[in-house]
Amino acid sequence: MKKVFFLILILNCVVGALSNKNICKISLLLSGDYNDIGVNYMFNYARTQVEKNLNINSIVFTNLENNQNAINNAIIESINKGSNFLISTINSHSNFIINYSRLYKNKEIFWLIKGNDNERPIPDDLPRVKILNINSDLSFYYLGFISSLISKTGKIGFISTKNIETDYQRLTNAFYIGAINSNPNITFLVCSNNFNNQNNNKKISYKISKLLISKGVDFIGSDQDDNSIQLAVIDNGGIGLGLTGFEYSKIYNDKFPFSFKLEWSQLLIDITNTIINGSWVDYDIIYITSFSRLNGTTNFTPEIEPIINYNFIPKIYQKQINDEINKLKNHSTNYYFPHLCNNLFNNIYNQKQTNGCITNEQFSNSHLLNASNIKIIDNKEILEFVDSYSNSIKISILSVSIFCIFICVLGMIFITVLRNARILKSSSPSFLLLILFGCIVIFTGCILFSQPATDKTCQGRVWLLSIGYTIFLGSLLIKNWRVWLLFDNKKLRKRSITNWKLYPWVAGILVVDVLILALWQGLGDIKSESRIIGTSFYQYTNVCTNNDQGSIALYILLAFHGLKLLGTCFISFKIKLVDIEEFNESKPITTSVFIILFCIFTIILLIAPSSSSSSASSPQPIASLETIICICSVTTTAISIGLLFGDKIYFITTQGLGLNQTFAKSSSFSLDKKDCDDDDDDSSDGSDHSNSNKNKNKNKNRNQSEKKKRPNSIKPIGLFSKSKQESVVFNPPSNNDLTNELALPIEGIKEGHGHDSENNDEYEHHEDEDHEYEGEGEDEDHEDEYEVENDIEQEQEQESSNISISTKKNNENEIISDT
């Protein structure tokens, strides 16, 4: 009985102990491959040791560097698979992962993120997040000290994964200070393998290493977390440095005589146990590596163990190196941090600690030191520059753009010389010149698009393209807006709209465009950047880039141009019923806008997503998109010029200038000399009222069959030919009127109303309440039959033509003619 009791008691204890333990599943997010013999290799090895010792499950994701979408998907997949302990070695995206962890702060999910100590949020609302700061400053100082001391060439190098001009260079400075502390006369060559955050490219790093070796460097340091740089040194007969914490001598023997060792297995085992046992400490301290453990510390700080093969060190230097290492091991008690106490920081930081040293935070936020023995090597020396545009595309765009500019200049000369031609005056020559000028600006912007990207061309081509389209579409919009206002005037009220009343509207649209462009340039950080071509690791090209604020400004700019296109579509729809061909540009405008919209919404928007999804940092999609934009701009502008000006040139070529005609034929009739032969015999100079009555009676006696034989019939030329009972009598202008920019003064018939020839380019509509004109009431089917009085021979002799359109009301014939 006692045995049974004790057995039950033991089982209860075991079950109780098991119930108090939490389940833990690890998900490891690696920046590169776990076979890199570097940081990723060591953390993956530590993961396997945790699995082995604690009997838990884990998953691993690799090659997440520079790819936030992949990081996001890896985190989601990890949580969906039940992982509650996520470990990240992606130092470049530590902020992104820290912010992402906030989405799960109310869940039992724990995080260990490799980053910097200043990345914890303030106020700190992430209790289950530990930030692992691998502080290798002293390790890099130690390796720089040895490299400079035993260098045979007096030159050592360093390859940084960060941008030398803009980014902090903490490890670079630590390596350099160690070098000058052992040999002040050393020459320090620095090069960056950073091409737009493409800083983990092993082939590029290998190539840069060979470049530094060719310049006499025999030791190369780097903050890259793999050994590709050291392999290049070894392949060229040099000595490798172990810079990642891996014990390279186990694999490469004497080829890596100097390194340091970091063991992460015990650290991960200890932290995982706190999750399983429920002893996780919220807002825990940051783990900082050092040469020795701090006395009395309770954290899990890995110890840096220096590894030195003294066979490669001359005896005269061995004691000096041993003394330096002993100082580093006792740095906590003696406060020996030589990388923080160099005189080079005197001109950088005014505020220091009482001992004359800067703080660790100040050192972490320091740029590359300025010293005479530091030489920066341009990383483009290893690469071949390749233009993003092929020569054939560049020559084609350049040739077509220059030819189109030449055509536009000829068109401007043509319009200026023949500005009094009827078809040109009806279309407002000044606005035609503005349209062509806008096209010239567009073609100039296209030429800049085909040139290599620089800071100036990146800014200038967008300015030219946007301003060109604003002048082109704005002038077209405002010019036809006036036509709509004048012809959509059923009550014939007087309206005077001159060019000078329209110019401010065009200028206002242009000002809005300039303001958006200024916002884009001021906030967008527009610049040219070098990017490695994805198809070749030894070629680069320049592309234009901007930040997120610049992208927002570009979206606003595109929306602004879209509104102009919609406005132009609306105006072209409203003027489609204008029955005078010289004023009706609805068809060419609609076609031009359709082509532009097709290019914008069909081609560009379809190409852009597929290009961006292929590679966010690759220059090929960017260059392809820019090429498409450039070709579309040239094509749409050239076609628009042909549509808007082709019919005008054809009319002048076939019909002549028409300087003595008040208005042209409507879209449904034409005046032909053959049609008017019967009227010419009986028509007079238009000033004799009786002769007009005779012509009227003669025309009235024509039978229906004769009317049908006429090849052309006159349709009432009104404002909009919607009603068959509305018509307007047009008085022909005098010669003085021909100096006006528009050849069609539309006036009421009321006696005493005349045309003011002093107001250039002015339309006038007068309300006439004394007369109401209708069609002939004798036959309901022939209300729109009008008689024409036109003497072709007299038009050639007189200075102005007399044109009358007569109507009949209440069976009374009334002929109105203008003397």
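Using N, Cα and C of the backbone, Cβ positions are placed for all residues, glycine too.
Under the heading signal peptide, Swiss-Prot lists 1-19.
The feature topological domain 'Extracellular' is assigned by Swiss-Prot to 20-394 (among others). Mean pLDDT for the topological domain 'Extracellular' (20-394) in the predicted structure: 84.
Swiss-Prot lists 395-415 (among others) with the feature transmembrane segment, giving sequence analysis as the kind of evidence. Outside the transmembrane segment (395-415), and at least 6 residues removed from its termini, the chain residues within Cβ reach (under 8 Å) are 389, 424, 429, 432-433, 436-437, 439-440, 443-444, 446-447, 449-450, 630-631, 634, 637-638, 641, 645, 649.
As a summary of secondary structure, the topological domain 'Cytoplasmic' (416-428) carries 6 helix, 0 strand, 7 coil according to DSSP. Per Swiss-Prot, the feature topological domain 'Cytoplasmic' maps to 416-428 (among others); the stated evidence is sequence analysis.
Note on the transmembrane segment (429-449): residues 397-398, 401-402, 404-405, 408-409, 411-412, 415-416, 419, 457, 460-465, 467-476, 478-479, 499, 502, 506, 626, 629-630, 633-634, 637, 640-641, 644-645, 741, 761 of its chain, located 6 or more positions outside it, place their CB under 8 angstroms from a CB of the stretch. The transmembrane segment feature in Swiss-Prot is assigned to 429-449 (among others); the stated evidence is sequence analysis.
Within the chain carrying the topological domain 'Extracellular' (450-457), a Cβ under 8 angstroms from the stretch's Cβ atoms is held by residues 387-389, 393-394, 397-398, 401, 526-528, 541-544, 630, all 6 or more beyond its ends. Taken from Swiss-Prot, the feature topological domain 'Extracellular' covers 450-457 (among others).
Feature annotation from Swiss-Prot assigns transmembrane segment to 458-478 (among others); the stated evidence is sequence analysis.
What Swiss-Prot lists as topological domain 'Cytoplasmic' is 479-503 (among others).
Look at Swiss-Prot and you will find 504-524 (among others) tagged as transmembrane segment, backed by sequence analysis.
Annotated topological domain 'Extracellular' per Swiss-Prot: 525-550 (among others), in sequence order, evidence recorded as sequence analysis.
Taken from Swiss-Prot, the feature transmembrane segment covers 551-571 (among others).
Annotated topological domain 'Cytoplasmic' per Swiss-Prot: 572-587 (among others), in sequence order, evidence recorded as sequence analysis.
Feature annotation from Swiss-Prot assigns transmembrane segment to 588-608 (among others).
The topological domain 'Extracellular' annotation in Swiss-Prot covers 609-624 (among others) and is backed by sequence analysis.
For the transmembrane segment (625-645), same-chain residues at least 6 beyond its ends with a Cβ under 8 Å from one of its own Cβ atoms are 388-389, 393, 397, 400-401, 404, 407-408, 411, 432, 435-436, 439, 442-443, 445-446, 449-450, 465, 472, 476, 544, 585, 587-589, 591-592, 595-596, 599-600, 603-604, 607-608, 611. Residues or ranges marked as transmembrane segment in Swiss-Prot: 625-645 (among others).
The feature topological domain 'Cytoplasmic' is assigned by Swiss-Prot to 646-819 (among others).
Broken down with DSSP, the topological domain 'Extracellular' (525-550) shows 3 helix, 13 strand, 10 coil.
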